[in-house]
Amino acid sequence: MPEHILVAVAWPYANGPRHIGHVAGFGVPADIFARYHRLRGNRVLMVSGTDEHGTPITLVADKEGTTPQAIADRYNKIIGDDLYNLGLSYDTFTRTTTANHYAVTQDIFRTLYERGYIIRQETLGAFSATTGRTLPDRYIEGTCPLCGYDEARGDQCDNCGSQLDPTDLINPRSKVDGQPPVFKPTEHFFLDLPAFAEQLHDWINRQDHWRPNVRNFSLNFLKDLKPRAITRDLEWGVPIPLPEYANRDDKKIYVWFDAVIGYLSASIEWAQNSGQPDAWREWWQNPDARHFYFMGKDNIVFHTVIWPAMLLGYGAGGQFGADPGGKYDGIPLQLPYNVVSSEFLTMEGKKFSSSRGIVIYVNDFLSRYDADALRYFLTIAGPENQDTDFTWAEFVRRNNDELVATWGNLVNRTLSNVYKNFGSVPQPGPLTPVDEQVLAEVTGGIETVGELLAAARFKAALAEAMRLAAQVNIYLSEQEPWKVIKSDHERAATIWYVALRCVDTLKIIFTPFLPFSSQRLHEYLGYNGYIAGPLTFREVTEANGRTHRVLTGDYDRWVGRWEPSVLPVGQVLRQPQPLFKKLDEKVIEEELARMQSRLG
């Protein structure tokens, strides 16, 4: 029975282009997971979009003398294009400035407020001393009063996991200009997190399948749970849906509150765009559906504590949650099943920093290198379990010594020889025990790699796939069919047949990781259709007449299945080309020189 799998991907912020460190944390792992489950025949809904509200966007707009909407429009397109070119197979990649998102966000706010889970409190708001604008909590840094970490943020300390307010920090400073923020009394709305403390503690304690860092960080956060501000004094954001704020532009819903709601609103938008307006309920109110959230480690508690609290408070109510007389009447929205958090990627030993030039944007990278080469590196050497460093030397080494030399070499030597000598899948003779052993080992990879992917252990899964490819290379080197063909044509045909079957199975195994090259290989092997076909952009017209673009794809047409090879004898091959490009080591110095020029 196919499962309903929600793949909820962190929303990239639309105040600039995204760099490779961003997609290492949320994009590539989520896409690998989604593609695997589609191949398994499960019903996948992968959603996200650009996060377009808040002070950072207004700061860029002020600097350029334009509007926040213009900035959001620009970077929504740039980011969408980057994710398309990287092959991230969203069912819907949308944005938070749609009428649908506003409606869903306001419905959740209103419902939580009516149920007493949103309260009013007077607090000290942080404002920039130079611009007078509200400073988001994450734009304020200082020393943690509990552990002494000197880069604690205004909402939490990433070192000890404590929940903080900007006023808690010792020597707070603005990340915008380095100046101390100005604190002024102001009234805000707060999500009453302590009201959910017991439920959250019991629920998190039951999540034995979570990564230890996610579970421990979340439990630690619960120790000092307090109400969380969900509004800010600014003009750019989702309006507060209460009568007294109908004509006020000085206070809006805080960007973090509406961003996490985006997972739900994007699912609802997908259903509307597909002509099945209630289809989203199959993922959100189906007790058998499973939700997987992908993000960097700095967003853990938003997905393990704050968003679950909002879901618990909303339950089955509100305009969207209610399904009177329907299949899901009275069934609450589902909580996360797993929160897959990645660590941080650094670059040449330093933190990514756009302002300091320590960065390479996705579009810049893909203008010179293949998407699958980047996807390979970010998976095999990425920050899955610990902070890792991207260096150009390591990227070139991994590409040449692993991707090209192992998997690329196996495909090239097999297909080029078979195409030259047979033109189609050859008729094998009797299989020897050695033939059967290598076939069985690769066939077993469907299960072993699949289990690792299902557990979100992407690095181990890719390493196992590469190990299997290496085993087939060893088999060919030992059997030497290019020599055997001179004296025993049938035996050579058998060896190449076995190699083709292994390559065909490995093609499926590599597809979630390397979709572009896997699709080309699929075609070289004589197949038609898509196992990892093209994505597409669609223009969507909202009820208010506005249009926006969504990244999506017709994934139901994909023909791949997570199964061993069924490559038929006699299938005509297409002329193959090498799957990957070997990189000249001179690119290392060229790229380091580019980075140095950005540093000035």
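The backbone N, Cα and C atoms fix where each Cβ goes, glycine too.
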Which one of these stretches, 12-22, 89-99, 243-253, shows up in Swiss-Prot as motif ''HIGH' region'?
12-22
Of the residue ranges 66-70, 206-210, 271-275, 351-355, which one carries the motif ''KMSKS' region' annotation in Swiss-Prot?
351-355
By Cβ distance under 8 Å, which residues at least 6 away from the ends of the motif ''KMSKS' region' (351-355) in the same chain are close to it?
16, 19, 21, 344-345
Return the single residue from the binding-site residues list (Cys144, Cys147, Cys157, Cys160) that has the minimum number of other CB atoms within 10 Å.
Cys147
When the Cα-Cα distance from Ser354 (ATP binding site) is computed for each of the binding-site residues Cys144, Cys147, Cys157, Cys160, which gives the smallest value?
Cys157
Other than Cys144, Cys147, Cys157, Cys160 themselves, what residues in this chain have Cβ atoms within 8 Å of the centroid of the Zn(2+) site's Cβ atoms?
Pro145, Leu146, Gly148, Tyr149, Ala152, Asp158, Asn159, Gly161, Ser162
